[in-house]
Amino acid sequence: MGGLQNVRSAALIGHNGSGKSLLLAQILYKSGLIDKADTKYVDYDPVEEEKGASFSSHVASLEWKGKKVYLIDTPGFSDFISEVINGIFVSENIISVVNAVAGVEIQTERTWNMADEMKKPIIVFVNQMDKERANFENVVAELKERFSRKIVPVVVPIGAAENFEGVVDLLKKKAYRYDGDKVQEEDMPESFNDMRSEILEDIVEQDEELMMRYLDGEDIGYDELMRVLKEGYKKGEIVPVLSGSALKGIGLDLLLDYLGDIGVSPEEAPSYKALLEDGTEIEVKFSEEEPFCAYIFKSVVDQFVGRITFAKVIAGVLRPGDTVVNVQKDVTEKVGHVYVPILKQQKEVESAGPGEIVVLLKLKEGAVGETLAHRDRRVKIVPPAFPEPMFSRSVHPKSKSDIDKISSGLSRLSDSDPTFVWEYDPETGETVVSGLGAMHLDVMIERLKKIFGVDVEVGKPKIAYRETITTTAVAEHKHKKQTGGHGQYGHVKIQLEPLPRGQGYEFVDKIVGGVIPRNFIPSVDKGIREAMKKGVLAGYPVTDVRVILFDGSYHEVDSSDISFQIAAIQAFKKGMEAAKPVILEPIMEVEVFVPEENAGDVMGEISSRRGRPLGMEPSGKGMVKVKAEVPLAEMLDFSSKLSSITSGRGYFTMRFQRYEIVPPNIQEKIIEERRREMQEQEK
């Protein structure tokens, strides 16, 4: 069974509810690796167990007719698309699982397009043929309508719903009827001849010589048909379609047969792009002779075991006791045991070569997207592109004892998911987590609680507002304090002027004649900077102000650094109040990608959020890109609304553009809310 040619890996992709997890569980049960065909063996994450759904990818290895097979079950929810992206990235084959009742759904289309972008060949498995209203012909017609690749049904159902009893392999001309674990093989009924003739034409047209023989009336043999089917599949030109039922275990053996017979092996697969230490781009091919290299595509934090790392071996061979380097972190790791995954169990192996998936325990580092490599060739595999996390919430530990634990827990969780990030904002004093949607953050926060024991309160993150002035004003303040010994004396006159947006702060010294000694000028500057930390309207930092120090006075004995700082602080506050202050808000440059039919609704939604649409342009595959500028305060729940408008097909990116003045009616609300906040803090 050794050798690259005998390894197969496939990612199971599709919409939530298409039956991917049950399909994997049934395959493992039929292979004798688990006791029962139950998704509880697949969804073993503590949050998944509680909610009964898949929120992460699950990996299993098995042996099938002389092949080492690795299957990656990916989640069907769009919020967990990073798991799908990585699953596709490390698989040489893709199995798109389609619900025979619902047909092509949103995630069917989105994940298919991802496989297209990564140039991965696709097999379709039409699942749930035993369900009421299952319709194989409708699904095939929909696949042909939606996707550009040639759709070729090769394993078709016998009956449907309660009459579903088996499948026909049109190429082998064999029918398979299932009765529990028993399978009866028989010749293909004549009623399937027309269907077979139709798909033969689709296959033989891939090979000109074969097509001529077929047109001359020659009966093309099974081996030649499979050879041409494999060539078309490998090139991404043909999509073989199979059918069955994961629940009843029908057609799964044929699915594995086709994966073994036409599936792409590591030996036939394209190379991975990588970077050398000096930034030179190279390609790393699947090879036992090359120095070791593996890509980390999954990282799990287990409350008992610790860090569990899943890696795809691309080059070289990994053995227990080997020393490897985490290239991104520049950390040397000593590999203890080497395992292959069987869901939450692991099987220890003596070695793992190219194309195989390994599980490593208790590595010091190992975030998703990082590379483990031989110390003499520290290559970094270029990871796939992940969507930017745009849905944010603030989190606060419910217990003071959890303050130290929250950073550690969030860091470990972000290691496991490149679309989950967190940061502490010193300006607002908040810890802010960001992900791809409300469900995404809910699951990550639940994991924080169940795995790390940190319970948090969740809220909308505070907006980093600013305050500024809109006109020129002059102010002065004389700070005078007499005590028993030395007193305090500082006197400043300043002029405040608005600066162009984004200029920050400028201090101008126009003192002449020594009315304020040179050694106290920095004290005035320091006092003004301190005053600018809290504006007079709502206590937000002040920006875009020029302060000119033009006059003042001092006392030979009582003047000091602190005296001039206090005088400057008070003078600045007076000046700002007189200079017609306003609140500024961050404006984001937003790009929204939506289906063409939803563009109008999305433009309207943007306008209702005080946004300015800037234009629209095609972005391919029936999608358009809407460009706009929108206040950040209006984008906090946009992700959920966009998902609702586009049925989960839309997504967006945004980046900070500039600050702008808040409209007066909005400013009043911000000031009132800020006052309530400060009153709460004082209690």
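The backbone N, Cα and C atoms fix where each Cβ goes, and this holds for glycine too.
Per Swiss-Prot, the features are:
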{"type": "BINDING", "residues": "14-21, 73-77, 127-130", "note": "GTP binding site"}
{"type": "DOMAIN", "residues": "5-267", "note": "domain 'tr-type G'"}
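Feature map: Swiss-Prot annotations on the structure.
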| residue | record | CB count, 10 Å |
| --- | --- | --- |
| G14 | GTP binding site | 28 |
| G17 | GTP binding site | 16 |
| K20 | GTP binding site | 30 |
| T74 | GTP binding site | 28 |
| F77 | GTP binding site | 20 |
| M129 | GTP binding site | 30 |
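Over the domain 'tr-type G' (5-267), the average per-residue pLDDT in this prediction is 93.
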